Amino acid sequence: MDVLGISPATNQMTSTSLPRSRRRRFTGVLAVGFLALTAAILAARSTPIDGYELSIYEATPPTFWAGVVLAALAAAIVALSAPPKSVPRRLGLLLGPMAIVSVVALPVLRGYYFFGAGDALSYLGWARLIADEQLNPVELLYPGIESTAIFVAQTTGITLRRSLLLIPPLLFAAFVVSVTLVVGRISTSRNGVVAGCFAALLVLPINNVHTYIVAYPTTAAIFFSPLVLYALFRYVTDEGSVARLGDRTLLTPFGVLLGIAGVAAILYHPQVGANVIAILFTVLGLQVLARASRRWVGSTAISAHRAIVAPAAVVGGFFLLWTPRFDRAQDTVGTLVTLLVSGADPGGTIEAKGTSLATLGGGIEELFLKMFLVSGVLSLVAGLVMLATLTRRLDDAPDRNALLTYLTVAFAPIFVLFLAFMVASLSVQQFRYLGFIMVFVTIFVAVAVADGIPFGLPIRSPTTRTTLAVGVFALLLVPQLAMVFSSPYIYQPSSQVTERTMEGYETSFEQRDPEVWHTGVRGGPRRYVDAYHGTTGSNTAADGTTFEGKDEMIPFGVWGNNMTEFYSRCRYVALEQSDYQREVGLYDGFRYSEAGFERMETDPRIHRVQSNGDFRLYVVAPEGSTCMR
């Protein structure tokens, strides 16, 4: 049953056969949407940046957010109401993604110098080393981000720094297109592509715990993975080929795409690549089982599908050749097994986080609702679809049901890995799997909406159905937009890196005394050393320069109390404007007090040696030291 409510008669219409009144109505709604999006982008572009912005949401004018939401809703109205294959529907399917991609691209639209104050700076360093031919990409466990950034930079002529800013919106756009194609392939409804498109626009894989809208390999691989699913579904169902030996198919277009996409997912991040391999071999197992049981249960859609032996072997073989070469991959597996055997306590971490939030006036329950309410509700819907698939309570659509069976059974190993990492409490890696699980949820929910699984809505009026669908989409979209970027809303600072901050670090590295070690608020300057000198994973940079203490943080109890007594040798302490806004403005001095920042200016043994507005460099000179003489 089609719950989006377009009658068969309407389905046959084209844009040229639409009644003039409806065509004018669609044109008017689309005009409002495109104008709203244009105004939003202009508002974002014209808003000046005055240093570090703790919240990209508050710093971006309300005109942008209003315009984006209005454009997305206008797109939904037209895409749901206009006939399939009509120009208005296609424009609606263009406008919606443009609106949400503009949100993902907001750091670019606002003119941020860089976005990603953590790992992304290290990836910038690796990209620079590869581009300068000082590092072979095969020496990296996941060189996908860096290689893509270099390709974009060399193709467009922009800097590597700017190309890394473009990675999230480019891959998110690919995610939206791929999910749309996947759902369109699965669904029996002509509205499948609409449901898939707008489900993808909810950005469910982003949780800001271990998936972020920055140049981040896990996020990149997750956004890329629906392309693997699309190639997989086309490969098993299509009859086309580009090379044959007699009656035997040797090569197919989608087989080639599946192999390339699977390998690319591994290169973006092997952990996500392992999930892709789990999907491929689960599907292969189902195919083998279906063919082996034909004599008892008869032929099924799955038994008639093309076997994926070759693509699975190619992708699995590449994973086995690539990943074991790196100690980090082996260490992750070993640590997981050890923690599972020894019995880790995930509740202890949650309790500690809850105590910190309570001190800041929040709570773990409140934070959980903000971050996971929408994804939790939609996960229940996805669960109902999987249950209906497993219990064979779907209507008679063999091809769709077979593809849903693939997804449902393939979900099991991914969910088991998620539970294993959660029980082991291995950092926050379970949230990587949660992000990948949201790809499944997005697809299942879209199919549920398009095909009326596990039940349709008893509403006959297309107008009422469209109004209800757009209203629900709006209720889901607004809280999800608040989760795209880290912000004070979820007790996190922005990942913005200002130009003056980067310049400050570069100047300090060029003029520093190599005998003076480093330390800092929540850590030393390691990420900026990586970005400037190239990432090496040690205290020695690619050019042989040594940065002792670049990972060290000032202990909470030492800050503002006895720094000159605690350190036995001179230390550089770099303070960014973001440090003050985060620790004092957001965390209210919970770990690093405002008095400690003031003491950096008043302590006679602490000397400010560099300042440019966003960046200050101090030298902590203990009693008897000679570094300031």
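Each Cβ is built from the backbone N, Cα and C atoms, and glycine gets one as well.
Any TrEMBL annotation is an automated prediction that lacks curation.
Marked as transmembrane segment by TrEMBL: 64-82 (among others).
Positions annotated as transmembrane segment by TrEMBL: 94-115 (among others).
Annotation source TrEMBL lists transmembrane segment at 164-184 (among others).
The transmembrane segment annotation in TrEMBL covers 191-207 (among others). Within its own chain, the transmembrane segment (191-207) is flanked in space by residues 2, 4, 6, 72, 76, 79-80, 84, 89, 92-93, 96-97, 99-100, 104, 172, 175-176, 179-185, 213, 219, 222-223, 371-372, 374-375, 378, 431, 434-436, 438-439, 441-443, 445-447, 449-451, 473, 476-477, 480-481, 483-484, which lie at least six positions past its ends and keep a Cβ under 8 Å from the stretch.
TrEMBL lists 213-237 (among others) with the feature transmembrane segment. Listed as Cβ neighbours of the transmembrane segment (213-237) (distance under 8 Å, sequence separation of 6 or more from its ends, same chain) are residues 104, 115-116, 118-120, 123-124, 142, 144-145, 148-149, 164-165, 167-168, 171-172, 174-175, 178-179, 181-182, 185-186, 205-206, 252, 254-255, 257-258, 261-262, 264-265, 268-269, 271-273, 275-276, 279-280, 283, 287, 305-306, 308, 311, 399, 403, 406-407, 432, 435-436, 439, 443, 484-485, 495.
Listed by sequence, the residues of this chain that lie at least six past the ends of the transmembrane segment (249-268) yet keep a Cβ under 8 A from its Cβ atoms are 142-145, 147, 217, 220-221, 224-225, 227-228, 231-232, 234-235, 238, 240-243, 276-277, 280, 306, 308, 310-311, 314-315, 318-319, 322-323. According to TrEMBL, the transmembrane segment annotation covers 249-268 (among others).
Positions annotated as transmembrane segment by TrEMBL: 274-292 (among others).
According to TrEMBL, the transmembrane segment annotation covers 304-322 (among others). Long-range neighbours of the transmembrane segment (304-322) within the same chain, counting only residues 6 or more positions beyond its ends whose Cβ lies under 8 Å from a Cβ of the stretch, are 232, 235-238, 249, 252, 255, 258-259, 262-263, 266-267, 270, 273-274, 276-277, 280-281, 283-284, 287-288, 291, 402.
Within its own chain, the transmembrane segment (367-391) is flanked in space by residues 202, 204, 207-209, 357, 401, 404-405, 407-408, 411, 437-438, 440-442, 444-445, 447-448, 453-454, 476, 479-480, 482-483, 489-491, which lie at least six positions past its ends and keep a Cβ under 8 Å from the stretch. According to TrEMBL, the transmembrane segment annotation covers 367-391 (among others).
Among the features that TrEMBL reports, transmembrane segment is placed at 403-427 (among others).
The transmembrane segment feature in TrEMBL is assigned to 433-456 (among others).
Positions annotated as transmembrane segment by TrEMBL: 468-491 (among others).
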Leading contact stretch, 64-82, 94-115, 164-184, 433-456 vs the transmembrane segment (468-491) - CB distance under 8 Å: 64-82
For the transmembrane segment (164-184), sequence-distant contacts whose Cβ falls under 8 Å of one of its Cβ atoms, 6 or more beyond its ends: 93, 97, 100-101, 104-105, 107-108, 112, 114-116, 120, 123-124, 127, 145, 148-149, 152, 158, 192-193, 195-197, 199-201, 203, 205, 213-215, 219-220, 222-224, 226-227, 229-230, 233, 439, 442-443, 446-447, 450
